[in-house]
Amino acid sequence: MKDEKIAKKKLTINDIKNKKGAEPIVMITAYDALFAKIFDDYADVILVGDSLNMSFNMKESTLSADMSTMLYHTKAVCTGAKKSFILADMPFGSYTNEKQAIKNAMKFFKQTNADAVKLEVGMHQVNLVKRLCEEGINVMAHIGLKPQFFKFEGGYKIKGKSELEAKRLVEEALAFEQAGAFGILLEGTLSNVASEITRQVRVPVVGIGSGADVDGQVLVWSDMLGFFEDFKPKFVKRYLDGAALVRKGVQSYASEVKNKIFPSEEFSYKG
């Protein structure tokens, strides 16, 4: 398999916007400097997602992630990644009004090297996104299935199944583009609806569980690399059996310690 390292300088907001209809955007999550440094060679965008609450901290949802958590992990990712465009998630409850949203979004720009923030938003928040953009904050609007709303909606439900819902999603995407959002993250949406949204808006649409006819894809790294053995959504392709590889390595280490094989002379200092 060809090594698809991306030879690049630090990507800017214009680099990402210019990929619309030209080159698929590769986005992947990261939550620490170690993995961010690895992903930096391959990802156009690294998303410091509130998904870390589930995939990194093993919580049942994203809801308890807070600003201090997101700032900590965004700082770590920015330490490891020097070329990718860094997108930070605004956690649940951190943008309930314009004043709060601006204050918290500014923290990502003042305290980390993040390039943009992502918000799970609906039509009632178009003006909020507009105000953030007016303050010089790059915003990606997350529409479709919104994990922060799972309790309100009674679960994680695929979007675009009805004609009315599909129409509303197109209208939302257009409204957030008009408000100044540099891109749309579209989650859990029927592929034909995702295709129509991508066709109508002039900004990049990055999909997750929304089919192939979008401007880019994002996956949670631990899903994509096979670290969750009992959890595999339909839209996730596993490119590695990570859990098995790690388990095999730790098992070998434990066995060698128990049997006094490690450390051998090769790994010991001699006087």
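From the backbone N, Cα and C atoms, a Cβ is placed for every residue, glycine too.
Noted in Swiss-Prot for the protein shown:
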type     : residues                    : note
BINDING  : Asp50, Ser51, Asp89, Lys118 : 3-methyl-2-oxobutanoate binding site
BINDING  : Asp50, Asp89, Glu120        : Mg(2+) binding site
ACT_SITE : Glu187                      : active site, proton acceptor
Q. Taking the centroid of the Cβ atoms of Asp50, Ser51, Asp89, Lys118 as the 3-methyl-2-oxobutanoate site, which other residues of that chain lie with their Cβ within 8 Å of it, listed in sequence order?
A. Thr29, Leu47, Val48, Gly49, Leu52, Thr62, Ala65, Met70, Ala88, Met90, Pro91, His142
**Q.** Cβ packing number for Asp89 (3-methyl-2-oxobutanoate binding site), 10 Å threshold
**A.** 29
Q.
Long-range neighbours only, meaning 6 or more apart in sequence with Cβ under 8 Å: which ones does Ser51 (3-methyl-2-oxobutanoate binding site) have?
A. Thr29, Thr62, Asp89, Pro147, Val220
Q | Rounded to the nearest Å - Cα separation of Lys118 (3-methyl-2-oxobutanoate binding site) and the residue listed as 'active site, proton acceptor' | A | 13
Q | Which of Asp50, Glu187, all recorded positions, has a Cβ with the fewest other Cβ atoms inside 10 Å | A | Glu187
Q. Just how many other Cβ atoms lie inside 10 Å of the Cβ on Lys118 (3-methyl-2-oxobutanoate binding site)?
A. 23
Q | Spatial neighbours of Glu120 (Mg(2+) binding site) that are distant in sequence (at least 6 apart) but have CB under 8 A | A | His142, Ile143, Lys146, Pro147, Gln148, Phe149
Q: For the residue listed as 'active site, proton acceptor' and Asp50 (3-methyl-2-oxobutanoate binding site), determine the Cα separation and express it in whole Å.
A: 14
